[in-house]
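Noted in TrEMBL for the protein shown:
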BINDING   27, 28, 29, 44, 68, 69, 70, 71, 125, 165  substrate binding site
BINDING   44, 125, 165  (2R)-3-phosphoglycerate binding site
BINDING   336, 362, 363, 364, 365  ATP binding site
Ligand SMILES: Nc1ncnc2c1ncn2[C@@H]1O[C@H](COP(=O)(O)OP(=O)(O)OP(=O)(O)O)[C@@H](O)[C@H]1O
Ligand SMILES: O=C(O)[C@H](O)COP(=O)(O)O
């Protein structure tokens, strides 16, 4: 068992929401086409639709949903009208939408809502207080919370993917209303528990993509808490570790790593290696050279590294097949180009075919999943940064707020 512990959080079995007025925070923040403003991938909306259905069928509350979408000033900061249409489509319920958050129109719509009915508020980040991070105590005094909380009997947090934000809709309501984690949040926590609190091994972490700084923090924590038997590196993380081990990647790749701000992380990578991090690095890569793709071994790299190579894919897949716990985050290669998806697809295939409990996180990797191959041993997390921060040992503010709420309202 590892040294990490998850706080006990209240669930829907511990508060009464039957036919009550409930505010539920969800996270239907999805990728948006920056030119057309259209939703590119609605996985999070589909996943939340299931739990919304579950709650309405079981408890018939007057259910008000709140989510953010993007960040103010960014092209993905849009209203939630289209999200409401998709929620209606996937739940089969008529989900009302109000283009307001805390103003008189929203409050009137909330007051009018009857048990069994569902209302989606507009993008919560239209309220400037929602983008400020502060303690739960402070957030419980925001105008946001003071305007809405009196209209509700209970608060439910089903937004695991936003659990790392200390914003009013995440941490403010639990201090003023009886609160619980929703079914999706609970499922995500159960998956994390399985990873951090179990005795099963081998435990394999497959880490790739570009968020190298964050991944180094995760690895440091994995070592400190004795959580990983092997860390299979891919993506830019693998390139950093190869450079840290003194292996040359050629001018083109070194220039790329420099442009991405990754070279200053070499001392940190050497430090985690010295700490005993069980980091494995690729032995070959798929490279792009003069417009052609080629499989090359390390030591003879020429051209731009685009994916892990065939031998590495085979060896990593063997490790995954024999594992008991597998955590995957970040793609192995430049998946935007279909010539360089093979490594990622094969590693995912190994995970589907293994007997391990598999936790898959992050938007890019999740977009590569073949849903027809998923089974009960695989948990595809809605969390990206929340998952990563949790695994790097940080206390998620949403968990802390729900724990405080339980002490205040449930004794
Ligand atoms: N060898 C490589 N060279 C350049 N980019 C790479 C390489 N391998 C992977 N990538 C890039 O990694 C990116 C995805 O990494 P990222 O860390 O954002 O994924 P993620 O874990 O799914 O995160 P998120 O949840 O934010 O999507 C892709 O755009 C892919 O092109
Ligand atoms: O996608 C995410 O990680 C969550 O929706 C949180 O979004 P944020 O990083 O804009 O707070």
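Backbone N, Cα and C define each Cβ position, glycine as well.
All annotation found in TrEMBL is predicted automatically rather than curated by experts.
Here the features listed in TrEMBL are placed on the structure.
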residue : record                               : DSSP (3 states)
27      : substrate binding site               : coil
44      : (2R)-3-phosphoglycerate binding site : helix
68      : substrate binding site               : coil
125     : substrate binding site               : helix
165     : (2R)-3-phosphoglycerate binding site : coil
362     : ATP binding site                     : coil
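Taking the centre of the Cβ atoms of 44, 125, 165 as the (2R)-3-phosphoglycerate site, the nearby residues of that chain (Cβ within 8 Å, site residues left out) are 27, 29, 67, 68, 69, 124, 159, 161, 162. With a cut-off of 6 Å between Cβ and the nearest atom of ligand 1, the binding-site residues 27, 44, 364 reduce to 364. For the pair residue 70 (substrate binding site) and residue 165 ((2R)-3-phosphoglycerate binding site), the C-alpha distance works out to 13 angstrom.
Within 8 Å of the Cβ centroid of the ATP site, not counting the listed residues 336, 362, 363, 364, 365, the chain contributes 209, 330, 331, 335, 366, 367, 368. Under 6 Å, Cβ to nearest atom of ligand 2: this is the test, and of the binding-site residues 27, 44, 70, 125, 336, 364 it is passed by 27. Residue 365 (ATP binding site) has 27 as its nearest neighbour among the binding-site residues 27, 125, 165, going by CA to CA distance.
According to its DSSP assignment, residue 336 (ATP binding site) is coil. Non-local contacts of residue 44 ((2R)-3-phosphoglycerate binding site) by the CB criterion (under 8 A, 6+ apart in sequence, same chain) comprise 27, 28, 29, 30, 161, 382. When the binding-site residues 70, 362, 363 are scored by other C-beta atoms within 10 Å, 362 scores highest.
In terms of local Cβ density within 10 Å, 27 ranks first among the binding-site residues 27, 336. Among the binding-site residues listed here, namely 165, 336, 362, 363, 364, 165 has its C-alpha nearest to that of residue 125 (substrate binding site).
Here the C-alpha separation of residue 362 (ATP binding site) and residue 165 ((2R)-3-phosphoglycerate binding site) works out to 17 Å.
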